[in-house]
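Worksheet for the structure shown next.
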Amino acid sequence: MFENINEDRGQVGIGTLIVFIAMVLVAAIAAGVLVNTAGFLQATAEDAGQQSVNKVTNRVDVVNAHGLVNKTGEERTVDQIFLTVRLAAGSGSVSLEDTTVKYLSETTARTLTYNDTVTGSDTADPANLTTGNNFTAGVLEDGDDSFEVLNEQSDRAEMVINTSTVEGDNTNGTATGQTVKLDITSRNGGTAQVILTMPQQLAGKDNNDPIAL
């Protein structure tokens, strides 16, 4: 009788041990899965955070803007827009070749991409902007000859938009009093916005006269 009791106790002990080992293995596997998941989530969060930082910091600032007057008969418009840009504070490098400009006026909405029209002296030639889907740029200051990439705070470039071609046929540019909104977006998604209002009066201005915007 007592021998049977001892055998039963031994079987129960072995069974309990097997169950315990199985529980330990399951817990270890679960812990490994949790660690891997946590690592993946952390890496994903870091990537998303870096992308958000890039969108905020990797962009240009518009230092100033001016236009050129187009005089056709008695009509005067602004047919070219010039923007002096530099890197925003804390920004990484920005390639103008990979930059887009969203152009929005009272009559036109377009997304402009970069068109290399510079001459041998890195001066932009707006006359070569023959389609309404492009902007161009020239170098103003570039200490390491990296243009069309802005990679130092001292770098300056001049972005040029030919509003006559952007606004389309039968126009000579943007009319007096008209507002143009420009969203300049780098490859990383960082955006600088500038809103320009054309002067109310251009009387007395001749063809190609500069005008502050």
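Note: Cβ is positioned from N, Cα and C throughout, glycine not excepted.
Listed in sequence order, Arg76, Thr77, Val78, Asp79, Gln80, Ser164, Asn172, Gly173, Asn207, Asn208 are the same-chain residues at least 6 apart in sequence whose CB falls under 8 Å from the CB of Asn70 (N-linked glycosylation site). Residues or ranges marked as N-linked glycosylation site by Swiss-Prot: Asn70 (among others).
Note on Asn115 (N-linked glycosylation site): other Cβ atoms within 10 Å of its Cβ, all shown chains, come to 18. Mapped onto three states, the DSSP output places Asn115 (N-linked glycosylation site) in coil. According to Swiss-Prot, the N-linked glycosylation site annotation covers Asn115 (among others), on the basis of experimental evidence.
Taken from Swiss-Prot, the feature N-linked glycosylation site applies to Asn172 (among others). In the three-state DSSP reading, Asn172 (N-linked glycosylation site) counts as coil.
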Fill in: Neighbouring C-beta atoms (10 Å sphere around the C-beta of Asn172 (N-linked glycosylation site))
17
